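Just below is one structure, and these are the notes that go with it.
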Amino acid sequence: MSIIIPVKLPHTSYNIAIAPGSLSQLGSHLEPLKLGQKILIISNPEIFNYYGDVVVNSLKKSGFEVFTHLIPAGEAYKTLDSIAQVYDTALEHRLERSSTMIALGGGVIGDMTGFAAATWLRGINFVQVPTSLLAMVDASIGGKTGVNHPQGKNLIGAFYQPRLVFIDPSVLKTLPVREFRAGMAEVIKYGIIWDKALFEQLEQAKTLDHLNSLNDELLQTIITRSCQAKVDVVSQDEKESGLRAILNYGHTIGHAIESLTGYETINHGEAVAMGMVAAGKIAIKLSLWTQEETIRQDQLIDKVGLISTIPKTLDIDQVIESLQSDKKVKSGKVRFILPTSIGKVIISDQVSSEIIKSVMIHQVNK
């Protein structure tokens, strides 16, 4: 059964379609959007090897002319150089303003495809077809697109909304366990910042550390409630002028860890988990929430199979310095998203470097 979640924003609207087992019907879902004939699929070789034929055949069946551009997997390729190569392919196939770029992949592919679509001919159509849990519940929704800069993650980008987010949860069967757990970090985030009932439902599940531990109903619930939480926030604050910043819970320290480890040894979800644990400890030091609540958060992170300790090779002073490049810095002050209870957070710029350092020292993997 398909679930449709409408996203209504001041200047546009689109749907998130959650349709298990229906990747082969993608073309028919695009037909009502009145897109131009040309479609450029952007993916990575591994994902395209799994799902490329299904998607291409579906689009051709609906009368689209289909081209492809493959980018090697990983954050290391999330660069302006990679975007320039997408432009070359778009030019080669003469993509027009009515044409469409489809992101078939995880969060990295989605971010890059959105940025390429936003900037090619000053903006062409863009469709998200996420294949990782992290992309399904977070990265594909809300219109944040971009690439990394050597000094920080996602520093170059644009807000650019897709015409459709098309989610087929059945594609997760090919997702590596580590990537599944990374996606679960974002699901836990929604439980902390917005949806207490989701958090409690995750607590009640027997196991959460691999896809096979979830029945279809629980997986559908996790994806649907997470998508709805993000839509609720984004629909109130599309351009992150206020409320939307809460979606960065765990990301302030998390992004710094990712950047300083070269986007190689620690993936996004793992870094976010480390950041959430740190934020929970900071919230205790500022008397914002209780020891019991941070224990519940940390136990759920552990239940998912995520490591929350910080590598001892990481220079904590460098982490603190790197925070100054965070996108949420305002008037020179680093803004943290801090929990006040399960399901509620605040935005604070009152976190001193001393508090950050003391928390992270205790979080280092001994």
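Heads up, the Cβ atoms here are built off N, Cα and C, so glycines get one too.
If you check Swiss-Prot, you get these features:
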- G107, V108, I109, G110, D111, T131, S132, K144, K153: NAD(+) binding site (BINDING)
- E186, H251, H268: Zn(2+) binding site (BINDING)
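Recorded features from Swiss-Prot, shown on the structure.
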| residue | record | DSSP class |
| --- | --- | --- |
| G107 | NAD(+) binding site | helix |
| S132 | NAD(+) binding site | coil |
| K153 | NAD(+) binding site | strand |
| E186 | Zn(2+) binding site | helix |
| H251 | Zn(2+) binding site | helix |
| H268 | Zn(2+) binding site | helix |
Spatial neighbour of G107 (NAD(+) binding site) that is closest, considering only the binding-site residues E186, H251, H268 and their CA atoms: H268
Densest Cβ neighbourhood among K153, H268 (binding-site residues), 10 Å radius: H268
Residue pair H268 (Zn(2+) binding site), D111 (NAD(+) binding site) - Cα distance, angstrom, rounded: 13
Spatially closest candidate among I109, D111, S132, K153, the listed binding-site residues, to E186 (Zn(2+) binding site) (Cα to Cα): S132
Whole-number Å value of the largest CA-CA distance among G107, V108, I109, G110, D111, T131, S132, K144, K153, listed as NAD(+)-binding: 21
Cα-nearest neighbour of H251 (Zn(2+) binding site) within the listed binding-site residues, D111, S132, K153: K153
Proximal but sequence-remote residues of the same chain as S132 (NAD(+) binding site) (Cβ under 8 Å, at least 6 apart): G105, G106, G107, L172, L175, E179, A182, G183
